[in-house]
């Protein structure tokens, strides 16, 4: 007999990389992804519409401030979640979105504009919870990371298209026609999704085995060994009841992934990205950045798009955790640089007027060009780049990967609620903190949070690169890391 304790060899492992693992690799290489990419494209049109709607007020408000009709004229700038189930939930979001754009296009008063914004915002909440889950459930491990970044890419692309049509081609499209243009991705999404299959995992959880097999066959191709993947998914679904009960929430298999997903959404917003994006023009103005205000949104959009594209390409090669570490590190250095710059550089040089207000946009006396103001510009761009290549897209992807199937719908909705409530609360307190303590204090706080993000990633976040959703669930169910190797 061979001794139990001996020199480690490739043939002596707890879970040897035998025929099953080789079959998995051969299966992934044999897959045809064209239909999968089409299904993902149809779904992420909802994110494109959300990005389009999110920045719709930016070019519209200046036009309304000088509108000849008193009912539509704005005297002050306006500041303006749900869930259904996979594909139908995404399609459901198209209804309030289409109605919202129609109301904004035909608005005869501020009330109609506000109602239109509420409806498009509601649709954005639905897509935020549903699209990442749909993509993760129809994707295979070989491309799930890349496709998981598509919602962020399309949201940024939607914002850029809106700015291009509204700010820089204003003579071509006025604010009403911008709302009409917003209907195009919504209607295209509805048409395409009518021909796309539902998630095989969702269909199996509803007892529709034949439909689930047909869905997987359509996504993977008839000439592939999709039946083996189908049996793995079916076995995983069988181990879970249809709905999670209150007693089951105490099970680590349920509450651990939920806490990780919610914690990541909470920390993502606490890192300050929403405040920076919302008050970007004011921050640039108060730090005398050498950049014309009309270019800030386009520059930020291009930086975000470039960075998310980097994440999409590298996520399935480098892994999720390494990108999260790099992302949090870049944001930490950027926030720390911004805070220290505002604190130590005299107000006469950085134009912050003692850093005590962002609300007032009173004209600051013109200063000679000072290239030291490149520091806040570069710090902000690197912050946005760091966020977009890690903590932006990966938090949504991991949410859809690690949540257990039986709680995936409710838990993803909870993550969205926590995310937007945190963003709303933080943006409300941001101005108050700036007025009370100075502009540098929020940035130093964001730097501390980013340091916490690094610790959280190292201690709590599992690496899911190259793992099926069933393997990820097995890891949380048993706690044995062998499933994740």
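Please read every residue number as a count from 1 along the shown chain.
Note: Cβ is positioned from N, Cα and C throughout, glycine not excepted.
Please treat TrEMBL annotations as automatic predictions, because they have not gone through curation.
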Subject >> Stated TrEMBL location of transmembrane segment, expressed as one of 177-198, 199-220 >> reply: 177-198
Subject >> Segment assigned the feature transmembrane segment in TrEMBL (from 114-134, 240-260) >> reply: 114-134
Original post:
To which of the residue ranges 36-56, 57-77 does TrEMBL assign the term transmembrane segment?
Top reply: 36-56
**OP:** From the ranges 344-365, 410-431, grab the one TrEMBL calls transmembrane segment.
**Re:** 410-431
Subject >> Annotated stretches the transmembrane segment (146-165) and the transmembrane segment (371-398) touching (3 or more Cβ pairs under 8 Å) >> reply: yes
**OP:** Counting only CB pairs under 8 A, let me know which of 114-134, 322-342, 410-431, 443-461 has the most with the transmembrane segment (371-398).
**Re:** 322-342
Subject >> Surrounding residues of the transmembrane segment (177-198) on its own chain - C-beta under 8 Å, 6+ positions past either end >> reply: 38-39, 41-43, 45-46, 48-49, 52-53, 56, 59-60, 86-88, 90-91, 94, 97-98, 101-102, 104-105, 116, 120, 138, 158, 162, 165-166, 211, 214-215, 218-219
Original post:
What else in the chain is close to the transmembrane segment (88-107), if you only count residues 6 or more beyond its ends and a Cβ gap under 8 Å?
Top reply: 43, 46, 49, 53, 56, 72, 113, 115-120, 122-124, 126-127, 129-131, 134, 176-177, 179-180, 182-183, 186-187, 189-190, 193-194, 198
